[in-house]
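Q: Quick one: the structure is below, and I'll ask about it shortly.
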Amino acid sequence: MRRRIVAGNWKMNGSKDLVKQLVGAVREQSGSVGEDVEVVIIPPAIYLDQVAEQGGGRITTGAQNVSQWQSGAYTGEISAEMARDMGCGYVLVGHSERRQLFGETDSVAAAKVEQVLLSGLVAVLCVGETLAEREADQAEAVVAEQVRSGLSVVADGQWSRVVVAYEPVWAIGTGKTATADDAQAMHSEIRKVLDGMNAPANEISVLYGGSVKADNAAALFAEPDIDGGLIGGASLKAEEFISICRSFPAGV
């Protein structure tokens, strides 16, 4: 069975006080989440140690970004090895904000995926189309190319450490959400692309992101090819985040 994952991406938000309050609350309520659901918090790197400590072993941590280089004179960068040294289990790669604001390309994403996998961590490749691309009927082609390029470096024995997160750019932080049917359709296409790459497509978790909230998570997570969520703003509210983590259908 594929891993069920709910990952909270805090982006550039947080403080020491928030870590204590929010992570502590999530930890205390994590017992009400299904045993087959992995709860991941992805804070700014400076708070990784604190989140891990507050998580008490019940929460996995992840890094929002790592360098495409292994080490060296790259001021301000954090390597995948450093993320592992900090106890991370996951690393986001190619988030749309990295692509749009910092000019990261598919080739940069591929280089980062390679570093993450070499470090023994799980790479979460983020893919998604803009509104203009969707309206031009290019959504599937754009996402397929992002998947193929970003995961072109994955070797046969590394697919168990790959997760894909589909985040339509037009839905991130806008309050707009793809319908469950639309999200399922794209997740199914992503799985077909993975299958075409000779990856074990039915074993790879594909998450949905883009204004996921407690009131729409259940409908999304009920779809057969949606294995969880990459959560933005809602992950900064303990009750809502835990509610999302509880939104998987029972007995599946």
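The backbone N, Cα and C atoms fix where each Cβ goes, and this holds for glycine too.
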Q: Out of GLY34, GLY55, GLY56, GLY173, which is the one Swiss-Prot records at the substrate site of ASN9, TRP10, LYS11, SER211, GLY232, GLY233?
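A: Swiss-Prot names GLY173 for this substrate site.
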Q: Within 10 Å of HIS95 (active site, electrophile) (Cα to Cα), which of the recorded positions TRP10, GLU167, GLY232 do you find?
A: GLU167
Q: Can you name every residue in this chain, apart from ASN9, TRP10, LYS11, GLY173, SER211, GLY232, GLY233, with its Cβ inside 8 Å of the center of the Cβ atoms of the recorded substrate site?
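A: Sorted by sequence, the hits are ILE172, ILE231, ALA234, SER235, LEU236.
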Q: Near HIS95 (active site, electrophile), how many other Cβ atoms are within 10 Å of its Cβ?
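A: Total other Cβ atoms inside 10 Å, all chains included: 28.
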Q: What count of other C-beta atoms do you get within 10 angstroms of the C-beta of SER211 (substrate binding site), across all chains shown?
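A: Result for SER211 (substrate binding site): 20 neighbouring Cβ atoms inside 10 Å.
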Q: So how many other Cβ atoms are close to GLY232 (substrate binding site), meaning within 10 Å of its Cβ?
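A: Excluding its own Cβ, the number within 10 Å is 23.
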